[in-house]
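**Student:** For reference, TrEMBL lists these features for the protein:
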- 12-37: transmembrane segment (TRANSMEM)
- 19-139: domain 'Cytochrome b561' (DOMAIN)
- 57-75: transmembrane segment (TRANSMEM)
- 87-106: transmembrane segment (TRANSMEM)
- 118-134: transmembrane segment (TRANSMEM)
Amino acid sequence: MEGGSAASTPAALPYYVAFSQLLGLTLVAMTGAWLGLYRGGIAWESDLQFNAHPLCMVIGLVFLQGDALLVYRVFRNEAKRTTKVLHGLLHVFALVIALVGLVAVFDYHRKKGYADLYSLHSWCGILVFGLYFVQGQVQ
């Protein structure tokens, strides 16, 4: 590393991180508002159980996963062990919340008597979830 320290932070990084957090929270809020205003809300033991699926996927696979990826950039001056633990915890939370979303959709289909994995969306979703899980195991 010539000409600078390894832990220097680009001047615009705080603004990029703030923008990404604002964008992520806006996406979560808009998904929640869409589900609440136009889809009837979210409930586990009713026809609204399916609505937990998009909210959980947005929170887990978009917002929390994005935060997990930013940890090493944002906390570059912290102890490596601390950032690794935070990175891992965010990935675990993202995986658990996404799993709740998958359980919601499969349980809803079972209760309604619908077939599972009948669309390209469902197959791509299973592939993404599987790759996300395997990727976490390889690290």
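For all residues, glycine too, the Cβ spot is worked out from N, Cα and C.
Bear in mind that the values here come from a model prediction, so they are computed numbers and not experimental data.
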**Student:** Is the transmembrane segment (57-75) packed against any residues at least 6 beyond its ends, judged by a Cβ distance under 8 Å, and which are they?
**Tutor:** 13, 17, 20-21, 24-25, 27-28, 31, 82-83, 86-87, 90-91, 93-98, 100-101, 125, 128-129, 132
**Student:** Let me know the model's mean pLDDT on the domain 'Cytochrome b561' (19-139).
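**Tutor:** Summing pLDDT over the domain 'Cytochrome b561' (19-139) and dividing by its length gives 93.
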**Student:** Is it possible to list how many residues within the domain 'Cytochrome b561' (19-139) are helical, extended or coil according to DSSP?
**Tutor:** 100 helix, 0 strand, 21 coil
